[in-house]
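Pulled from Swiss-Prot, these are the features on record:
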- 28-48: transmembrane segment (TRANSMEM)
- 56-76: transmembrane segment (TRANSMEM)
- 89-109: transmembrane segment (TRANSMEM)
- 141-161: transmembrane segment (TRANSMEM)
- 183-203: transmembrane segment (TRANSMEM)
- 213-233: transmembrane segment (TRANSMEM)
- 246-266: transmembrane segment (TRANSMEM)
- 273-293: transmembrane segment (TRANSMEM)
- 298-318: transmembrane segment (TRANSMEM)
- 331-351: transmembrane segment (TRANSMEM)
- 374-394: transmembrane segment (TRANSMEM)
- 409-431: transmembrane segment (TRANSMEM)
Amino acid sequence: MLKFIFMLMFMFPLSFLKNFYWTVQNLIFLLTFMFMINLSSLNYFNYISYYFGLDMVSYGLILLSFWICGLMLMASEKVFSTNNYEKLFVFMILFLLFMLVLTFSSMSVFMFYLFFEASLIPTLFLILGWGYQPERLQAGVYLLFYTLLASLPLLIGIFYILNSKNTLSFTLLLNYSFSNFNLLYLSLVFAFLVKMPMFLVHLWLPKAHVEAPVSGSMILAGILLKLGGYGLLRMFSLLQISGVKYNYWWISISLVGGVLISLVCLRQTDLKALIAYSSVAHMGIVLSGLLTMTYWGLTGSYALMIAHGLCSSGLFCLANISYERMGSRSLLINKGLLNFMPTLSLWWFLLCSGNMAAPPTLNLLGEISLLNSIVSWSWITMIMLSFLSFFSAAYSLYLFAYSQHGKIYSGVYFFSVGTTREFLLLMLHWLPLNLLILKSNFCMLWI
């Protein structure tokens, strides 16, 4: 594992060399494939040192981080062609990737917290530096304040653990019980609920997505939302008793919120905002499954996190491809795209159907496991879950039908084809999404 961290470190100087944009991208893909070959049976912790170690959950998420970062560089070709500070841009992406790899392989709670917060900085720079509208400053402030405000109690909780137990190693803390202190439970969990994001504290996400460049949206939807889920997975190994007592609050909020957000999706005219709100709905069901703390729930939430990372990232790429041609994200202008870019309609269809968890995508596997776990936790949730599944299909269909069908916008006088780069980009999102269900033991057999 150390070899990958060092390779990433030595790639930093490459980002400042002239015309090394595609070289760095190829190196990230090389890194991904080397990391894939490196997979041994990681059901136990595979230690690098006292502070770093890997297990199956971290492995999948690190692999996803490598993959999405390679695809980010591929999607942001415009930064390179317009010479828009591309060296700094590549450096930001590499720095973010470095922070994410360290976050997912941290074994000490404090180091996890440190890298978890540090990954916010390059994301903020991506939004502020390469975003499209002046409102990106407001989006950046929202992102920063929501995350930092919720993370301060987490830091205090970590220091309390250090003070009372004299260790911060995840593996050693498993021996202790933290059942008697409810405030600690709240402080340790809340930061991750904001990062997920849970309904009621989700407002920063649509703002950040709408203002971010395509690379920012991809990494935000693909990896940064998964940090919250990963943190909860790690924390609930310590907070099991409190979790059984209090988790029903968050589950109820998430499920009701998921349905409300799905209704919000059906009223969106902005492509990016629609995809961002659909992320909140998906993360609501992931959060609910995770908080049931059952085997099905944990494995299903992990599977859906990986699947959503690929699917939602691909949808943001599609929205960006349309945005580059049309100059607008509005559904009122991006309509009748079947006439305008017929070659792209297939990809719209495939990724929208992935978003509604149609077979054979990995989303299906995740959602079925989550439905199982949440219904086994309480059968009353069936009402909300049935609404959630129905509206999930409804807004995915709405997105596809409104953007592809109908009369083409009268201001468009030309016909456009995608480039090979764009098709490869979409292919690399869609293939893993559908092939992973054939190798689902990685998602389902890691506990």
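Residue numbering: from 1, along the chain as shown.
Any Cβ shown, glycine's included, is placed from N, Cα and C.
As the structure is a computational prediction, the values presented were derived from the model and not from experiment.
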Region pair the transmembrane segment (89-109) / the transmembrane segment (246-266), three or more CB pairs under 8 Å | no
Contact call for the transmembrane segment (213-233) against the transmembrane segment (298-318), three or more Cβ pairs under 8 Å = yes
Which of 56-76, 141-161, 183-203, 273-293, 409-431 has the most Cβ pairs closer than 8 Å to the transmembrane segment (331-351)?
-> 409-431
Distal contacts, the transmembrane segment (183-203) - CB-CB under 8 A, six or more residues away = 142, 146-147, 149-151, 153-154, 156-158, 160-161, 224-225, 227-229, 231-232, 235, 238-239, 242-243, 246, 250, 253-254, 256-258, 260-261, 280, 283-284, 286-287
Near the transmembrane segment (141-161), which same-chain residues lie under 8 Å Cβ to Cβ, leaving out any that are not at least 6 residues past its ends?
-> 109-110, 113, 116-117, 120, 123-124, 127, 168, 173, 178, 184, 186-188, 190-195, 197, 201, 203-204, 207-208
Report, as numbers and ranges, which residues of the same chain sit near the transmembrane segment (409-431): CB under 8 Å and 6 or more residues beyond its ends.
-> 67, 71, 74-75, 77, 310-311, 313-314, 317-318, 321, 325-326, 332-336, 339-341, 343-344, 347, 350-351, 354
Other parts of the chain folded back onto the transmembrane segment (273-293), taken as Cβ under 8 Å at six or more residues beyond its ends | 193, 196-199, 202, 205-206, 209-210, 217, 221, 225, 228-229, 232-233, 236, 240, 243-244, 247, 250-251, 254-255, 257-258, 261-262, 264-265, 300-301, 304-305, 308, 312, 315-316, 319, 331, 355, 366-367, 369-370, 373-374, 376-377, 381, 385, 388, 391-392, 395-396, 399
